[in-house]
Every structure is written in structure tokens, then in C-alpha cells.
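Enquirer: Sharing the record's features from TrEMBL:
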TRANSMEM  16-38  transmembrane segment
DOMAIN    20-225  domain 'Cytochrome b561'
TRANSMEM  58-78  transmembrane segment
TRANSMEM  90-109  transmembrane segment
TRANSMEM  129-151  transmembrane segment
TRANSMEM  163-183  transmembrane segment
TRANSMEM  203-224  transmembrane segment
Amino acid sequence: MDNSPPPPSALNNFRILYLVTQLVGITIIILVSCWIGIHLNGLGWSSRPSIQFNWHPLLMSVGMIFLYGNSILIYRGFRYARKKPLKITHATIHGAAFIFTVVALVAVFDSHNLAKPNPIPNMYTLHSWVGLSAVILFSLQYVFGFGAYLFPGVREQLRASYMPVHVFFGVAGFVMAIAAALLGLLEKAIFSVPNYAALPPQAVLINTIGLLYIVYGGLVVFLVTERQYKRHPLPEDVMLLTHSGSVGSS
């Protein structure tokens, strides 16, 4: 396997695509915020369950889309940083995404259970099934990843053998999150947009957000799977690995 660093042209392409990815992600959050503020009556909590739901698409877009994608890309986006701080940053971003996700789930369940005059059923749509599956996979990834790569005393051989599994299911969970977001947008549009077929402004905005989800997801997956963009170990990483291996074998 070729372990030589990528050519400068490849890194220039990576930097451009990485910047575009960040701009698309930020645009998604801005457009979701505009959608909520203009068309969905803003934000509220349990005293106003009809709009408490609005936290769900916003926080899921921030947590399970934007932060999740950035956590996946952290090693390639900051390739010249030392590996240990990158591990901690990776775990921290995942942790922040998890907190946003939990609050988003509380918001949607509250908005259903507290709806008046009758509660709205939970967990019957394809969106809810795919979304909850993505959250469960994301949570398991976080727990096992933390145990494998941040818990002291784990042998480097075990970490290396688990890495392909960690990478695959990390990307799989992110793709599931994108799919759940698209299903959620469609569900909300069908239930809430009058005359959706005529493409009123809210429908155009929802469809635009959906397309940007696809663009963002595609860019993240491409950047994290393209071999030329892989981060190569720094000399400090090799020294740390050798030191930790010698300590573990002593």
C-alpha cells in the first residue's frame, strides 16, 4: 500500500471541497432557521407544544448532519494537528452532536404527546424508524469508539483491527441520518404545506434544504473515502504509538 503523502494538487482540491462543504452545512442551518422563523411560527417549548416540534429539525440539522459530518472529517480537515488532540476533538464534537440529538428527540416526543386536543402517535412513520436507527447507530459508535480509542490500556492491535469497522459504521450512520432528514422534510411538507403540488414558497424552501442535505452528505462521504485525501501519520504520532506500545508491553 502506498503510504506517501498526497500531491499538493490533491490537497488543494481537498481544501476547496472542504470549504464548500462547510459553506453548504452552514447554509443548511441558516435555511432551516429561516423556514422555522418564517413559515413555522418560530420556537417554543412544552408550554407551546404546537411549535415545540420546530426544535427537532433545527437541532437535528445541527447535530446529526452538520456536527456529525464535521466530526467524520476532523482528521482530514486538520491533517497537520497531532493525533491525540484530534481524537479528543472528534469525541467532543460527537458528544455535542449527541446532546443536540437528545434535546431534538425530547422536543418531537413532547410535541406529539402534549398535542391538544388529542396526542399524536409516535414512531409509526418510515422517517421515525430510519431516524431512530441512525441515532442508535450513532450512539453505539460513540460508546465503542470512546472505549477503543480514548480508554487507556487498550492494545494498539485491537484498535487497528476495529478501525475499519468504526469508519464503515460511522459513515453508514451519517448516510442514514441524511436519509432520515430527507424523509422528515417530505413528511412535514405533505402534512403541513397547503397545495404542496403548486410549489408555494415554503415548498420551494423545503425542497432546497433537501437538495442541500444531499450535496452536504455527498461531499462528506467523498472527502472521507477518497484515498488521496487520507491523513498520513506525523512523526509525533509514530513516536507516541511506539511509546504507548512499549509501555503496554512492559
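Just so it is clear, glycine is given a Cβ too, placed from its N, Cα and C backbone atoms.
No curator has checked TrEMBL annotations; they are predicted automatically.
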Enquirer: Please give the sequence-distant neighbours of the transmembrane segment (90-109): residues at least 6 beyond its ends with Cβ less than 8 Å from one of its Cβ atoms.
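Expert: Same-chain contacts beyond the ends: 45, 52-56, 58-60, 62-64, 67-68, 70-71, 74-75, 122, 135, 138-139, 141-142, 145-146, 149-150.
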Enquirer: Counting Cβ pairs under 8 Å to the transmembrane segment (16-38), which of 58-78, 163-183, 203-224 comes out on top?
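Expert: That would be 203-224.
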Enquirer: Could you tell me what the rest of the chain brings near the transmembrane segment (58-78), counting residues at least six beyond its ends with Cβ under 8 Å?
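Expert: Contacts of the transmembrane segment (58-78) (Cβ under 8 Å, skipping residues fewer than 6 from its ends): 14, 18, 21-22, 25-26, 28-29, 32-33, 36, 43, 86, 89-90, 93-94, 96-101, 103-104, 107, 131, 134-135, 138, 170-171, 173-174, 177-178, 180-181, 184, 213, 216-217, 220, 223-224, 229-231.
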